[in-house]
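**Student:** First the structure, then my questions, so here it is.
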């Protein structure tokens with residue numbers, strides 16, 4: 001929004017031309033989202049407490065989690081508000097990348113909100129029925145996938161980038177829609193499964209978003225893209241604004257979500273942030289890289305799949321409890337130890353993912 005105002009004011013003072021630089025707006029976007037989260041966080045927590053919107057804790061979970069019962073949830077509303085305000089202020093509203101991301105965040109945030117509302121306000125422990133949640137996620141993801149495929153302006157927007165291989169970038173054709181669908185829905189649910197400990201999901205989300213900010217910037221410059229053998233995607237630099245807004249909002253939320261948490265993000269936060277990471281990966285053509293950098297999310301998801309599959313096929317569980325972070329809790333690891341070690345793994349995987357841009 002302010003890009004247009006700055007463009008007009010440049011006629012009178014050339015210093016306003018600085019707003020045309022993505023890097024400058026990205027920094028302002030990060031700071032805006034961060035300050036907004038820190039400023040409004042206490043007010044939201046107080047409001048959630050007054051409304052008695054507290055976390056529902058499963059009775060078969062670790063005993064240490066019983067103390068979390070009643071902790072304010074749906075804090076993802078704070079994250080989404082910070083991201084929306086930041087992106088609307090500093091993003092180029094003429095960019096299709098910006099509107100796609102706002103739709104992703106809004107639609108999946110709405111699905112998560114309905115789920116949270118049924119759990120904590122309606123006191124329905126099951127929340128939104130899994131079948132309906134998946135149907136709504138699928139509708140949103142397919143709408144996005146079809147739109148991106150139909151509006152692709154150059155071949156690079158529908159290629160598949162394969163890490164470690166310099167010139168392996170096959171055209172996907174209609175398979176693009178299938179890959180985009182599974183990436184967005186899968187990432188949304190993976191982050192949702194990871195959000196089980198204080199700060200466990202938000203920090204890896206921030207790390208992956210920061211890495212994608214760099215990748216989006218490189219993809220938007222033809223020289224960097226050609227040098228790194230990644231698709232050149234004109235205009236993808238606007239995704240940097242979205243990514244840094246996620247980083248700022250995430251760090252601001254972590255201030256209140258760190259152990260012991262004052263607020264949880266709820267499904268309204270985890271489903272929308274996960275979908276956002278998936279959508280960004282699709283937009284910059286780095287779906288496989290998301291699997292590497294978001295390895296913590298993948299690990300959590302795979303642990304649930306293995307646990308359920310093993311129990312149904314053999315009648316035995318592989319882990320003491322799934323997702324896998326609960327397994328380590330039941331082994332006696334203190335919650336902060338589990339969280340920090342998963343963060344360390346996430347840092348390693350994000351750096352490994354970035355290294356693949358050059359290791360080809």
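We number each residue from 1, going along the chain as drawn.
Quick reminder: no glycine exception, Cβ is built from N, Cα and C everywhere.
Annotations for this protein, taken from Swiss-Prot, read as follows:
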{"type": "TRANSMEM", "residues": "26-46", "note": "transmembrane segment"}
{"type": "TRANSMEM", "residues": "74-94", "note": "transmembrane segment"}
{"type": "TRANSMEM", "residues": "97-117", "note": "transmembrane segment"}
{"type": "TRANSMEM", "residues": "134-154", "note": "transmembrane segment"}
{"type": "TRANSMEM", "residues": "168-188", "note": "transmembrane segment"}
{"type": "TRANSMEM", "residues": "199-219", "note": "transmembrane segment"}
{"type": "TRANSMEM", "residues": "236-256", "note": "transmembrane segment"}
{"type": "TRANSMEM", "residues": "263-283", "note": "transmembrane segment"}
{"type": "TRANSMEM", "residues": "288-308", "note": "transmembrane segment"}
{"type": "TRANSMEM", "residues": "338-358", "note": "transmembrane segment"}
**Student:** Using Cβ atoms and a strict cutoff of less than 8 Å, what residues sit near the transmembrane segment (338-358) while being 6 or more residues removed from its termini?
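**Tutor:** For the transmembrane segment (338-358), the far contacts come to 163-164, 197-200, 203-204, 207-208, 210-211, 214-215, 218, 228, 230, 259, 289, 292-296, 299, 325, 328-329.
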**Student:** Any chance you could find the range in 26-46, 263-283, 288-308 with the most Cβ pairs under 8 Å to the transmembrane segment (236-256)?
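**Tutor:** If we count Cβ pairs closer than 8 Å to the transmembrane segment (236-256), 26-46 scores highest.
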**Student:** Cβ under 8 Å, sequence separation of at least 6 from the ends of the transmembrane segment (263-283): give me the contacting residues as numbers and ranges.
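**Tutor:** Distant Cβ neighbours of the transmembrane segment (263-283) are 41, 44-45, 48, 55, 68, 71-80, 97, 100-101, 104-109, 111-113, 115-116, 120, 127, 137, 140-141, 144-145, 148, 179-180, 183-192, 194-195, 201-202, 205, 208-209, 212, 216, 233, 236, 239, 242-243, 246, 250, 253, 256-257, 289-290, 294, 297.
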**Student:** Mind checking which residues reach the transmembrane segment (168-188)? Cβ under 8 Å, same chain, six or more beyond either end.
**Tutor:** 104, 108, 134, 137-138, 140-142, 144-146, 148-149, 152, 155, 158-162, 229, 231, 270-272, 274-275, 277-279, 281-282, 285, 287, 290, 294, 297, 301
**Student:** Checking distant contacts: for the transmembrane segment (134-154), what same-chain residues at least six beyond its ends satisfy Cβ-Cβ under 8 A?
**Tutor:** 96, 100, 103-104, 107-108, 111, 128, 174, 176-178, 180-181, 184-185, 188-189, 232-234, 271, 275, 279, 282-283
**Student:** Could you tell me what the rest of the chain brings near the transmembrane segment (288-308), counting residues at least six beyond its ends with Cβ under 8 Å?
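**Tutor:** For the transmembrane segment (288-308), the nonlocal Cβ contacts are 160-163, 183, 186-187, 189-191, 193-194, 201, 204, 207-208, 211, 215, 274, 277-278, 281, 317-319, 322-325, 327, 342, 345-346, 349-350, 352-354, 356.
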